[in-house]
Structure formats: C-alpha cells, structure tokens
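Contents: one structure, followed by commentary.
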Amino acid sequence: MSHFFITASGTEIGKTHVAAGMIRHWRAGDVPARALKPVASGYQPALSASSDAGILLRAMGSSMVNDEAVATICPWRFPDPISPDMAAARSGRRIPFDDLVAFCQAEIVGAAGPMLVEGVGGAMVPLDETHTVRDWIAALGIEVVLVAGGYLGTISHTLCAVEALRARGIAIAAVVINPMEPLPVPVERTRESLLRHLGATPPPVFIDDTPDWHAWLDEAARR
C-alpha cells in the first residue's frame, strides 16, 4: 500500500489543492484514501470549513466540518500565518517532534488505503529549534509527492527542494506542477525544463489534473 508525504517547493503553492484532488480521485474509484494535515499556522476556528484541513476532510466525504473535526487530523493549529515554529512560540506552545511523528505513524499503520500526510509550507520550513519538515519526512520514511507551481522562479525553487530531499535520502515519488496564474511560460515548458535538470533518473513530473497524473494515481493505489 502506498503512502505519501505532500510537500512543496514553497508556501502557498497548492499542496492542499493537489492532496484533495488525489483523495477525490481515489475515492471515486472506491479506494479508501485518507489524509492528515497535522500542523497548520494561520488557522482560525471560525473558518475551519475553509481551512486546509477542512478541505481535506470534505475530500474524504465528511459532511460536518468544524473545529472539532479538524482537530482529528490537525492536532497542532496556530492562529498566526507565519512559520510554524514561530507561530507555536507566539502561542506559548511548541510542536513536540516525537509526538508529531508518532501521531502520523499511528494513523499510517491503521490506514485501510493510501494515506497522505500534508506538510506545512515548503520542504525546509522549521518546526522547532532543530527540526524542519525535511526531518519530519525522513522520520516517517514515506515517499514524497513534491508540489511545484508554474510561476516565475519555480524551476529553481523546485530543483533546490529536490536537492534538499535527496541529500537526506528521501525518495521522491513524483513532482506535480500546479498551474498558477499568471503563467510566464506554458506549463508544459516548465515540465520539460524540470525533466532536463532533475538528473539521469528523474522522478516523473506531471501537470495536476491530467490523464497521465490520474493514471499514475491509479497505479500507486495498486501497489
């Protein structure tokens, strides 16, 4: 069974959009996929239904999305829209790294189908004084789906994220480009450039919500 960590080349790139699309695609084919969003900054309880975790809950078929429901997949929620280590400190709290990893592992072990763990921000965002999202991924030992944008600068940002992940021996299952307006070049050109620069054995690079991406998801669900 395949489980994936959803991270990105930066913040506000579309991790939740891509993760929710993966969940909806699998569930439409009767694959019992689930997702976690364990850490969130910029979270407002009154807007729980439109939060990242709320969007994932709706993709999983939840009819009632409120703060209590969000807490089941997002235990560490902070109001300030800043780096999670800073958001936690500003709230007088911290993100206990071992507890974070244990929470995810318990959910993965109990999963009946594919489990997605959506990170926070980009791959190198700090979680506390010593840990980043990359450390979180490495501790879980699951493959990454790296979300990239179509904006100016995305090629450099994506290649840097790939290098950072590879430096820790983290397997990248796929790179998914989430087309973001305005697009400085056609998204297919971005895909071609990434493939040229990702090394001799590059991970597959897809454009979100395309037949090729959906076919890859179908194959991943059968592993």
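Along the chain as shown, the residues are counted starting at 1.
Using N, Cα and C of the backbone, Cβ positions are placed for all residues, glycine too.
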Have a look through Thr16, Thr154, Thr158 and flag the one Swiss-Prot assigns to the Mg(2+) site that Asp52, Glu118 belong to.
Thr16
Which chain neighbours of the Mg(2+) site, leaving out Thr16, Asp52, Glu118, have a Cβ atom within 8 Å of the mean position of the site's Cβ atoms?
Ile6, Lys15, Ala19, Ala20, Ala35, Lys37, Ala40, Ala53, Ile55, Leu56
Measuring Cα to Cα, tell me the gap between Glu118 (Mg(2+) binding site) and Lys37 (active site) in whole angstrom.
5
How big is the Cα-to-Cα gap, in Å, between Gly14 (ATP binding site) and Ser41 (substrate binding site)?
15
